[in-house]
Amino acid sequence: MKIIFAGTPVFAAKALEAVQKSGFDILLVLTQPDRPAGRGMKLQASPVKILAQQYNIPLLQPETLKSPDIQTQLETLKPDVMIVAAYGLILPEAVLRIPRHGCINIHASLLPRWRGAAPIQRALLEGDAETGISIMQMDQGLDTGAVLLKRAFLIEPHDTAATLHDKLADLGGKCIVETLTLLDQDKLTPTLQDNASACYAAKIRKSEAEIDWTRDSTHIDRMIRTFNPYPGAFTSLHGSMIKLWQANIINRSDTRQAGEIIAADHNGIIVACGRDALSINILQKAGGKKLTAAQFLAGHPLQPGEHFQKTTQGHL
């Protein structure tokens, strides 16, 4: 089976490696052009580009797939299928029609739930019990195509967006190999999505990560896990921005105000919420490093009665 692979970040690189190691014939890799990144804003290759070069797979980095020249190059290869994983470019209808079996997408949710840009974060923030990978036949809609294969797993209580990403990336690689094997054997049965059950995973906005202490502790804990590693759930303490990276829910009824510090010692910084409380275990001051509660308190002693608050001063 002759394959074109299109993807850009680590999530896609995991899938590319799984396909390559399974012995499938990858004719070409498409990935985004090198982009400026880091403090020096130097051009950096995508994880998919780096991997393709390691395996000596032919590589193209077009700015767009709308170009007739690019489309002609793809047609000339006569691919059986194109795999798309977090590529970042729109696939015109002309490109979708090029492979014999069309284009198939690796999507990090259980479609039709969480179509769109941020399925991992939305599943966490909404408190979903499970998530997974859907392999989808691409059409012109936004994640609306028929599902070819779906695999689910439970979201663990301490999962973050980072840990879920890694689990889903590994599962995505396994699922695309399974899909290609079934496709080669003509054993796939497409299942149309139920549009009435669909919901949209909008792109994450930094403003969403500001903690509202009047919410219950379960929701705030989900926020902290959802926005780890990006952009980091944040609050204000003594007028300074603080990011919270890890916390535990404390089930306790208390008359303290939301955001009020109940206790602060080496075991954690316990803060009252709209319902119950949170023990903050890892936090970060603006311009500083991530610190345990004990490390933070050694340099910034806190007393019961002090408050974390909402802020409009911006982000870390």
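Cβ coordinates are placed from backbone N, Cα and C, and glycine is handled just like the others.
Annotation source Swiss-Prot lists (6S)-5,6,7,8-tetrahydrofolate binding site at Ser109, Leu110, Leu111, Pro112, citing sequence analysis.
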Output field, (6S)-5,6,7,8-tetrahydrofolate shell: CB within 8 Å of site CB centroid, site Ser109, Leu110, Leu111, Pro112 dropped: His107, Arg113, Trp114, Arg115, Pro119, Ser134, Asp143, Val147, Lys150, Gln193, Ala198
Residue among the binding-site residues Leu110, Leu111 whose Cβ has the most other Cβ atoms within 10 Å: Leu111
Fewest other C-beta atoms within 10 angstroms, as judged across Ser109, Pro112, which are the binding-site residues: Pro112
